[in-house]
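Report on the following structure.
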Amino acid sequence: MSQSLIVALDFPGKQDVEQFLRHFEGEELFVKVGMELFYKEGPAIITYLKEKGHKIFLDLKLHDIPNTVKSAMRSLASLDVDMVNVHAAGGSSMMKAAIEGLEEGKQEGKERPICIAVTQLTSTSETMMKKEIGIEKTLEEAVAHYAKLTKESGLDGVVCSTLEVPKLREVCGSEFVTVTPGIRLASDDVNDQVRVATPKRARELGSSYIVVGRSITKAENPLEAYKTVKQQWEGVTV
């Protein structure tokens with residue numbers, strides 16, 4: 001299950017990435033490249049990581065009119081990334097357009113990237129969602145609604161918190177992909193995320209993938225931290 005552990009490369013530039021990856025010589029990781037790193041380094045960072053043998057979740061959370069998202073996804077698919085995402089709030093037409101773009105842009109002989117949708121960010125509390133975003137549903141209801149819409153639009157799954165996974169399994173079935181950020185070791189600070197869980201708890205709740213950032217990237221020994229997270233995620237007793 002180690003390939004379903006995604007390491008968030010939340011760094012400002014390639015130099016920091018190179019320094020971090022020195023801890024992982026010989027390891028083939030599944031890494032997340034977000035806005036900060038991609039906007040700084042561009043497609044070259046994807047090429048660099050692919051040459052190192054890593055799988056890539058390109059986390060740009062696209063949210064625009066359908067035609068723009070379709071064109072953008074066509075370009076992203078040509079980079080040979082393994083996973084991409086959109087905001088479910090963009091609606092069904094936009095999500096369907098995203099899939100069309102990925103199919104058109106995928107490299108010959110390869111499957112299109114996994115495409116998932118963001119339901120609600122893990123920094124969003126129910127109070128914030130109601131007072132600031134203007135959604136009157138409960139957080140669980142809003143996430144379930146977006147997940148159902150995502151599945152109906154032909155996407156593979158959603159980004160959600162671990163707490164929402166059991167409900168989404170009921171609504172969308174066991175094959176629906178759930179990618180869960182907000183993963184922390186029990187000894188770590190929560191920082192700016194509200195809905196968090198440990199790797200062990202994520203496994204128990206049924207997450208398909210977990211995304212782990214600071215617990216690994218800010219650790220004194222990143223490789224040892226990675227192994228600890230991996231063991232908890234895979235249910236290994238040491």
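Every residue, even glycine, has its Cβ placed from backbone N, Cα and C.
Quick look at what Swiss-Prot lists:
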type: BINDING; residues: Asp10, Lys32, 59-68, Thr122, Arg184, Gln193, 213-214; note: substrate binding site
type: ACT_SITE; residues: Lys61; note: active site, proton donor
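Annotated features taken from Swiss-Prot, shown on the structure.
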{"residue": "Asp10", "record": "substrate binding site", "contacts (Cβ under 8 Å, 6+ apart)": "Lys32, Gly34, Glu36, Leu37, Gly213, Arg214, Thr217"}
{"residue": "Leu60", "record": "substrate binding site", "contacts (Cβ under 8 Å, 6+ apart)": "Gly34, Met35, Phe38, Leu76, Val84, Asn85"}
{"residue": "Lys61", "record": "active site, proton donor", "contacts (Cβ under 8 Å, 6+ apart)": "Met35, Asn85, Val86, His87, Val118"}
{"residue": "His63", "record": "substrate binding site", "contacts (Cβ under 8 Å, 6+ apart)": "Val69, Val86, His87, Ala89, Gly90, Met94"}
{"residue": "Pro66", "record": "substrate binding site", "contacts (Cβ under 8 Å, 6+ apart)": "Ser93, Met94, Lys96, Ala97"}
### Query
How would DSSP class Pro66 (substrate binding site) in three states?
helix
